[in-house]
Amino acid sequence: MKITVEDIIKDLELEVLVQGEKDKEIKTSDINRPGLQFAGFYSYFANSRVQVIGNAEWSFLKNMPVELIRKRMKKFFEFDTPCIIIARDLEPHPQLIKNAKLHKRWVLRSKLLTTKVVTKLMNYLDAKLAPETRMHGVLVDVYGIGMLITGESGIGKSETALELIKRGHRLVADDAVDIKEIDGVLRGTSPYITSGMLEVRGMGIIDIPALYGLSSVLQKKTIHLVIYLEQWKPDRNYDRLGIDDDFLEILNVPVKKLTVPIRPGRNLAVIIEAAAANYRYGLMCKVSPVETINNRMESMVRNESKR
C-alpha cells in the first residue's frame, strides 16, 4: 500500500509548517532521530526514514553557534527525506525552515511528546505498509480464537459461520478476507463494502449486526487456525488422532490447518467450536490428548507386566 506524507498529515493530525513535494511517498516504518546528523556525522544517515526532532535535537540546535547551524542545516537538507516531524509543539529554528523551503521538504509539527510521536507513527506505518493479501473464506472469532474457514465455493462456509454466530460467536469477514502480516502475526479484516454482511445461498445477503446485534461482529482478528472444509473422500485417510500437524503458509507465516470432511450428519459448528477449545487447551497445557492416551497405555502395560 502506498503511503504519502499527505496521508500521515490527515490521519495523525499533524500541523504543516512547510509544504514539500506533492505525493511524497514514505517507504519504511522505521524512524530516525537526526541528532548525530546535526552534530555533523554522515557516515551513516537513514535519510529514507521519517525524521523526528524532539527536545534533545531541538536543544542541541538552540545552543549551537549561528554560523554552524547554517552549515549543518545546509548539509542536512542536501539529503532527500520524506518529511521532518517536530514533536512537543516546539518552535523550529529559522535555518531549518529556510532550507526546507529551499529544497521543498515537508516540515510538520505535533503537540505530542517525542516518544508518543515515534510510537504512534511507527504503529501507523507498520499497519499501513505491512504485506497483505486477500483470501476467499470466512473469518470468525470462536472463544477468542481467530478461525479462517476455507474450502471450495458452495461447500457451506457461510452457513457454518451463521450457525456459529447464532451460538454467540462473532463474524469478522465473509467471502473475502483481507490479511496483513505484522511482526509475524496475521490479522484479518473485512473489505469495507462487505463489512458486517454474510451471504447465504438461497437467502441472499444478511446484515449480521442488524439481526444479531453489534456484539456479533468484530472489525479485525488475529488468525490462529485455518479450517479447510471438503467433501468426504472415501479413498482418503483422514487424521483421526491429531498426530500429524498440517500448516498453511500465508504471507510466509505458517498457520495450523485442520481439514474437516463434510458428509450428512456432521455438525460443523460444533466441530469448529471443539477445534477452537482444543487450540486454547493446547496453549495452556503442554500435554496433548494423544500424549495422555499414550501415557495411559504405557502405564497399563507397566502394570500388566508387574503381575
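Going from the start of the chain as shown, residues are counted 1 onward.
Each residue, glycine too, has its Cβ placed from N, Cα and C.
Secondary structure from DSSP puts His136 (active site) in a beta strand. For His136 (active site), applying a Cβ distance below 8 Å and a minimum sequence separation of six or more within one chain yields Thr150, Ser153, Asp175, Ala176, Val177. The active site annotation in Swiss-Prot covers His136 (among others), and the record cites sequence analysis as its basis.
Lys157 (active site) counts 24 other C-beta atoms within 10 Å of its own C-beta, drawing on all protein chains shown. As annotated by Swiss-Prot, active site applies to Lys157 (among others), with the evidence given as sequence analysis.
DSSP gives Asp175 (active site, proton acceptor) a coil state; it is part of no helix or strand. What Swiss-Prot lists as active site, proton acceptor is Asp175.
Sequence annotations record features per position, and here Swiss-Prot assigns active site to Arg240 (among others) based on sequence analysis.
Under the heading ATP binding site, Swiss-Prot lists Gly151, Glu152, Ser153, Gly154, Ile155, Gly156, Lys157, Ser158, citing sequence analysis as support. Taking the Cβ of Gly154 (ATP binding site) as centre and 10 Å as the limit, one finds 9 other Cβ atoms among all the protein chains shown.
DSSP assigns Glu199 (Mg(2+) binding site) to a strand in the three-state reduction. Long-range Cβ contacts of Glu199 (Mg(2+) binding site) within its own chain (separation 6+, distance under 8 Å): Ser158, Asp174, Asp175, Ile205, Ile206. According to Swiss-Prot, the feature Mg(2+) binding site maps to Ser158, Glu199.
The region 'Important for the catalytic mechanism of dephosphorylation' feature in Swiss-Prot is assigned to 261-266. Proximity of distant same-chain residues to the region 'Important for the catalytic mechanism of dephosphorylation' (261-266), defined by a Cβ-Cβ separation under 8 Å and at least 6 residues beyond the stretch ends, is recorded for 155-156, 229-233, 236, 238.
Rounded to a whole value, the Cα-Cα separation of Lys157 (active site) and Gly151 (ATP binding site) is 7 Å. When Cβ neighbours within 10 Å are tallied across all protein chains shown, the highest count among the binding-site residues Ser153, Ser158 belongs to Ser158. Under the DSSP three-state reduction, Gly151 (ATP binding site) is assigned to strand.
Mean predicted confidence for the region 'Important for the catalytic mechanism of dephosphorylation' (261-266): the pLDDT average there is 83.
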